[in-house]
Each structure stands twice: as structure tokens, then as C-alpha cells.
Amino acid sequence: MKQIINPLKGNNDKVPIWFMRQAGRYLPEYKKVRETTKNFLDFCYDVSKATEVTLQPIKRYGFDAAIIFSDILVLPHALGWEVDFKENIGPILKQFKSQEDFKYLQINPNYKLEKVYEIIKKVKKELPSPISLIGFAGSPWTVMSYMLEGKGKQDFKTSKKFIYENKILAEELLNFITEKTADHLINQAKSGADVLKLFDSWSGVLAEEEFTKFVIEPTKKIILKVKEVFPKTPIIAFPKGAGLLYEKFIKEVPIDVLAVDQMVPLEKMKEWSDKVIVQGNLDPVVLLTNKEIIKEKTYKILQAMKGKNFIFNLGHGILPETPTENVEFLTEYVRLYEEKNSNSTF
């Protein structure tokens with residue numbers, strides 16, 4: 001049985017471990033491959049290179065899951081939207097402003113997404129059988145906000161002003177992205193992904209009414225559509241920064257796994273783990289410190305979630321400046337805890 005899926009089968013005696021952005025800039029072997037391709041999106045579509053970097057952290061650390069190397073913005077890019085990645089700046093997109101802009105979006109995605117599915121098939125062939133393969137997409141609100149802002153990591157005034165003032169158009173764009181996201185996830189499962197994940201990086205900027213409309217409702221639609229085709233494929237949802245709205249999300253969205261950020265109290269994680277599998281939530285900055293601090297913070301999480309439906313991960317992605325030896329230490333510590341979790345002196 002695949003380790004990452006163990007909690008889904010009621011087997012919670014072992015703690016599965018993997019990390020968001022586990023294939024990335026903190027790895028010297030990743031940097032070496034990344035330097036061979038100037039354009040980031042071209043790198044994401046390169047079957048050989050994306051396969052190689054997907055497998056790198058598995059070879060180095062033996063995580064319980066590999067997550068396909070891709071990006072949440074490959075979907076709008078494959079649908080014809082202008083997306084570019086500028087070094088030291090991040091994604092730059094054509095800004096969606098009016099009904100006229102729908103003419104730049106294609107009903108059917110172009111060949112680029114086929115490259116993503118090829119990567120999944122290739123990784124699946126090379127991945128050791130006990131290890132799960134995770135496919136993913138950006139959740140509609142996060143992808144939509146990139147399109148409305150024209151760039152990432154803003155204060156989201158533009159996006160929020162747009163959805164307040166243009167309710168019908170905003171809903172039309174949301175529905176379009178929701179439908180295409182579900183299709184993208186279904187195709188990833190068809191290609192061999194064992195688990196699927198939805199990243200809603202910017203869900204935390206919305207008030208409750210908008211959170212319901214732009215996060216809860218589309219996520220629910222996507223999951224129901226995927227489950228019609230793949231009822232047994234586990235789905236992880238990560239409405240990052242949702243705060244108190246995590247509880248509303250759990251109540252209204254039929255997810256298998258809830259990924260949570262580092263701001264969520266351990267008591268809440270324990271409580272929620274009776275309803276769903278909880279994934280998280282070590283602060284990524286802890287991995288920039290030292291072994292004693294890593295051990296202290298990790299132990300608290302493992303003790304709190306002992307015997308619970310739980311997958312160990314970070315509260316967000318591994319930071320580029322993270323020392324590889326700290327990732328190794330953390331992984332080994334979690335493994336050692338598994339072996340000795342009945343020993344009260346551990």
C-alpha cells in the first residue's frame with residue numbers, strides 16, 4: 001500500500017512525509033538542470049528535465065510522495081493567456097480587464113498540457129512503487145487573481161475590486177477556470193497521478209462571502225467532477241491563510257485531505273483530523289535554523305498528531321535558501337519518531 005495513502009485507508013500508525021516545493025532551488029542538482037533552460041515555462045514543459053527534477057528529492061530523501069514538477073500557471077498559459085516568468089520578479093501576465101479578453105482564451109487547451117501528462121507518465125514509470133505521485137493545479141481563485149492582477153504577490157486590491165464591481169463577468173471567468181481546472185486534474189489522474197492537490201495560495205485575502213463564492217463553491221465543483229471519473233483518487237485541498245474559514249471549508253467541501261498553513265493551532269489540527277486527514281504544518285523558516293530547533297518544533301507537531309489522520313508537511317513550500325542537510329535531518333527525525341512512537345522517553 002502506498003505510504004501517502006495510508007491514512008486514507010485508516011492506517012495511521014505511520015506518518016507519511018513529503019514537502020511542497022521539494023523539487024526546487026534549494027537542491028544543487030535542481031539548479032544544475034534548471035540552468036540548462038532559460039525560460040521557466042519551457043522548463044516545465046520539457047518532459048526529460050521535468051521528470052528528472054521531480055525524481056531528484058525522492059532519490060535524495062526517499063519521501064513518501066513525489067509531486068510533479070510543474071506550475072499552477074501552466075493552465076492559463078496552455079489556454080492561450082500570456083504568461084511569462086521574469087527572473088527575480090516572478091510571473092507577469094496579460095491583465096484580464098473586460099469581456100473582450102475572453103477572446104484570448106481558448107476553449108480547448110493547446111498541446112502544452114499534453115507535455116505535463118507525458119511527464120506524469122514518465123515519472124510514474126520510474127517512480128518506486130510504494131511512492132505516491134501527486135498531480136496538482138492552482139485553485140480557480142488563485143489562478144484568476146494572477147490574471148486579474150497581471151502579476152503575483154500583490155495586495156490583491158485589483159482582484160477584489162474587480163469581483164465587487166463586475167459580479168457577472170467575475171463569475172463567468174471563475175466558471176471557465178473551474179471547468180478547465182477539473183479537466184486538467186482528471187487528465188493528470190488518467191496519466192497516472194495517484195493523488196491530486198489544489199493550491200489556493202491567495203484564498204486568505206477574501207472575506208467570508210467572497211471566500212464562499214470564489215473558494216468553497218468552485219473547489220466543491222472541481223472535486224465532484226473529478227470524483228465522478230476517479231472516485232477513489234484522494235484529493236488534497238490547500239486554502240492557504242483561510243484562518244477561521246478553514247472550518248467552513250471542511251464542513252462544505254468533500255475533501256479527503258486538508259493541507260493547513262503554520263498559523264493553524266495544533267489543537268485545531270487534532271480536532272479537524274476526526275473529520276478529514278490533515279496535512280502540515282511546520283513553518284518553512286524553521287528549516288533555516290538549526291537541528292535543535294527543528295527537532296523541538298517537529299516533535300511538538302508529531303506528539304500532537306500522534307495516532308491521528310495526519311500527513312507531515314510544511315505550512316508552505318521549502319524556501320530556496322534551505323540547507324539540504326536540514327531537510328535530511330527533519331526527514332530522518334520523522335522516520336525515527338515513527339519507529340519509536342511508543343517510547344515515552346523519545
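A Cβ is built for glycine as well, from the same backbone N, Cα and C atoms used for every other residue.
Annotated in Swiss-Prot:
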BINDING   R21, Q22, A23, G24, R25, D71, Y146, S201, H316  substrate binding site
SITE      D71  site 'Transition state stabilizer'
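Feature annotations (Swiss-Prot) mapped to structure.
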{"residue": "R21", "record": "substrate binding site", "DSSP class": "coil"}
{"residue": "D71", "record": "site 'Transition state stabilizer'", "DSSP class": "coil"}
{"residue": "Y146", "record": "substrate binding site", "DSSP class": "helix"}
{"residue": "H316", "record": "substrate binding site", "DSSP class": "coil"}
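Summarising the substrate site geometry, the residues cited as binding it (R21, Q22, A23, G24, R25, D71, Y146, S201, H316) extend over a maximum Cα to Cα distance of 23 Å. By neighbour count, meaning other C-beta atoms within 10 Å, the densest spot among the binding-site residues R21, R25, H316 is H316. Between Y146 (substrate binding site) and D71 (site 'Transition state stabilizer'), the C-alpha separation comes to 13 Å. Each of the binding-site residues A23, Y146 was assessed for Cβ neighbours inside 10 Å, and the highest tally belongs to Y146. With a 10 A radius on its CB, D71 (site 'Transition state stabilizer') counts 17 other CB atoms from all the protein chains. On a Cα basis, D71 (site 'Transition state stabilizer') lies 14 Å away from R25 (substrate binding site).
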